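Here is what TrEMBL records for this protein:
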DOMAIN    A:71-294  domain 'LUD'
DOMAIN    A:309-376  domain '4Fe-4S ferredoxin-type'
BINDING   A:CYS312, A:CYS315, A:CYS318, A:CYS372  [4Fe-4S] cluster 1 binding site
BINDING   A:CYS322, A:CYS365, A:CYS368  [4Fe-4S] cluster 2 binding site
DOMAIN    A:385-469  domain 'Lactate utilization protein B C-terminal'
REGION    A:433-474  region 'Disordered'
COMPBIAS  A:460-474  compositional bias 'Basic and acidic residues'
Amino acid sequence: MSIKIGSKAYAERIQDGIDNSFMRKAVSSAQGRFRTGRLKAAEELGDWEDWRTLGEEIRSHTMENLDYYLHQLSEEVEKRGGTVFFAETAEEANAYVQEIAKKKQAKKVVKSKSMVTEEIGLNEALAESGCEVVESDLGEWILQLDEDPPSHIVTPALHKNKEQIRETFVKKKGYTKSDDPVELAAFAREQLRQDFLSADIGVTGCNFAVAESGAVTLVTNEGNARMVTSLPDTQISVMGMERIVPTWEDLEVVVSLLTRAAVGQKLTSYITALTGTRLEDEVDGPEDFHLVIVDNGRSKILGTEFQSALHCIRCAACINACPVYRHVGGHSYGSIYPGPIGAVLTPLLDGYEDHKELPYASSLCAACTEACPVKIPLHEHLIMHREIIVERERMNAKSEEIMMKGFAKWASTPAAYKMSTKMARTALKPWTKDEHIENGPGPLKGWTDQRDFPAPPKKSFREWYKHREERRNG
Amino acid sequence: MKVSLFITCLCDTITPDVGKDTVQLLERFGCEVDFPVGQTCCGQPAYNSGYKSESAKAMKQMIKAFEPSEFVVGPSGSCVQMIKEYPKVLKDEPEWRERAGRLAEKTYELTQFLVDVLKIENVGSTFKGTATYHPSCHMTRLLGVKDAPRILLENVEGLNLIDLPLKEDCCGFGGTFAVKNSAISGEMVQEKAEHIGETKADYLIGGDMGCLMNMGGRLRRNKQEVKVLHIAQVLNSQ
Ligand code: SF4
């Protein structure tokens, strides 16, 4: 897999999303829960805005000194017996992991949920080198069995219900029991236990690396990361180069923001911190620890107007707040990063060519910006993308450009503007019925496909005002 | 107090009555109102579509039109918010940026002006009916006008205000979004229309003509008998 998922065109993906009434119901009820949770958790904190400011400060300080902290991190990791590898591209990262697998003659790899390995397509690369890869996060495991991409960054299988999950288990794993979530989870646990015990390599993502201590921390609710990181002898953590905080204190702030903003939890169930390899007197932990730090386009974002997109802590608050996501679901974005942050990040990492529609899949209502715990101005980034698509990449439709040029002329020439408002009624006459247009021409078509348009009345405001002035002045 | 009217392009062409109510309302509180005829459109359709240089042309026209004004007041949170963005958009042209800054500073949305500048919380109007209020996104989130409309409406005699479920969700207007991403926008406005239906209110009140046209158009398409009113019409009702 890579950032891009599926091969369907944008319009088709959107229609699929809209037509999937089951998914939409699941998404909207989940959004409801997450939103109330987030608001409640924020309220409990009392000074949410101060926390957001603090979160933003930590993130922007880190990004501005990223070289320094990455250097510190790698020194600390190595001091503790780990090996650090900086991968500029997805290919480099995959090749490095493949090499380790080869050296260890690994047959089985267990993983704990990680977006970045999804982004670089690590599972496919490992499969190519003959390794069986098992996702150990329940949601990811279900998706893996079903060969389906994630649709949400915190709850990846949000689009599936328990009946569908049962069906997958029956088909792929010979499951025989009911669709009771407790039974389903027990079955998954049983299956996964075998994998944990027999795996040669454990691969994890990284929520945040702590520069001062060389620790990689993982936030999970199922505790699966603990199994992945304590059972296999070889441990590989893969992180996007921006997923780093300077100190443990900073970690405390961002993790508090993460869990509260994501689903409204005060604390997550598990925070796992990996620091180097197993010491002589320790009973568990890996013998061999590798940290792969992936660039894959991130450093190109540094120093640009989009730098704050790298502040993202992947809490999904923006996704949960977004009314567009609510109606089209995650797969419509055609990217493993869906929702508002996905619409901002995907074109940055993967170029505009395949994703030029994403920045327009927003009404710019700014619910995302308001929800973001580290104050990323998501809707402003979307406008900036549009500007680049139009003015630099010139990927806009010619017809639209002509219209916008016309707009500029119209809006900067009061006489033309006045004339057109006067003519609007006459021009729209052929389509007007009952003072409304139900089936409009040209640019009105998109509008009237979904709703009626009121016909302009006989007199515009400016005409009324002019007459009033004339009457007044005699 | 001298107030220049900023009657947005939609209001001017499609709902001139909202403009008239705005005039009367301001005059009722002793404002000396004028209408600078050089004004056109705030430039938002082009700006939000990524056409920055085209939108800058509209912005400069607006800056010129309102240069002599003391206060500028408009019945639209979204368009007023656009004016607040001018200095940022024109940041690379120092002279225009400064002129934009002066305009941004003296421009207010109607209810914001009534409550924050004129210090009026009760306009002394009467409106009999059951209504629900949609707080539009740009007005509340970006312009930060959350309380003013609510305070003013709560003080209108006879008005029974019912809370709109998920009121903070966008109605799906978003300017060109409604046309460009018509299918998604349609789903959003449909959900909004259903929530409006749930309130059983006879009237839908809002402070942005674009959003009201969107919701009103869908309500009409759905044959839902809800009358759509701009807040100026309710506040100016006797
Ligand atoms: S952009 Fe903000 S709200 Fe969205 S996932 Fe990232 S941190 Fe969370």
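Note that Cβ sites are derived from N, Cα and C of the backbone, with glycine treated the same way.
Because the structure is a prediction, the values reported are computed rather than measured.
Less than 6 Å separates the Cβ from ligand 1 in the case of A:CYS372, drawn from the binding-site residues A:CYS322, A:CYS365, A:CYS372 in sequence order. Chain B lies within reach of none of the binding-site residues A:CYS312, A:CYS315, A:CYS318, A:CYS368, A:CYS372 when a CB-CB distance under 8 A is required. Note: the Cα of A:CYS315 ([4Fe-4S] cluster 1 binding site) and the Cα of A:CYS368 ([4Fe-4S] cluster 2 binding site) are spaced 12 Å from each other. A 10 Å cutoff on Cβ-Cβ distances gives A:CYS312 ([4Fe-4S] cluster 1 binding site) a total of 23 other Cβ atoms nearby, all chains included. Annotation note: A:CYS318 ([4Fe-4S] cluster 1 binding site) sits in a helical segment as assigned by DSSP.
Following the DSSP three-state reduction, the secondary structure of A:CYS365 ([4Fe-4S] cluster 2 binding site) is coil.
The Cβ of A:CYS315 ([4Fe-4S] cluster 1 binding site) has 26 neighbouring Cβ atoms from other residues within 10 Å, across all protein chains displayed. For the recorded [4Fe-4S] cluster 1 site, residues A:CYS312, A:CYS315, A:CYS318, A:CYS372 set the reference point as the centre of their Cβ atoms, and the other residues of that chain within 8 Å of it by Cβ are A:ALA261, A:ILE313, A:ARG314, A:ALA316, A:ALA317, A:ILE319, A:PRO340, A:ILE341, A:CYS368, A:ALA371, A:PRO373, A:VAL374, A:ILE376, A:LEU378. Counting same-chain residues at least six beyond the ends of the compositional bias 'Basic and acidic residues' (A:460-474), those with a Cβ under 8 angstroms from any Cβ of the stretch are 418, 421-422.
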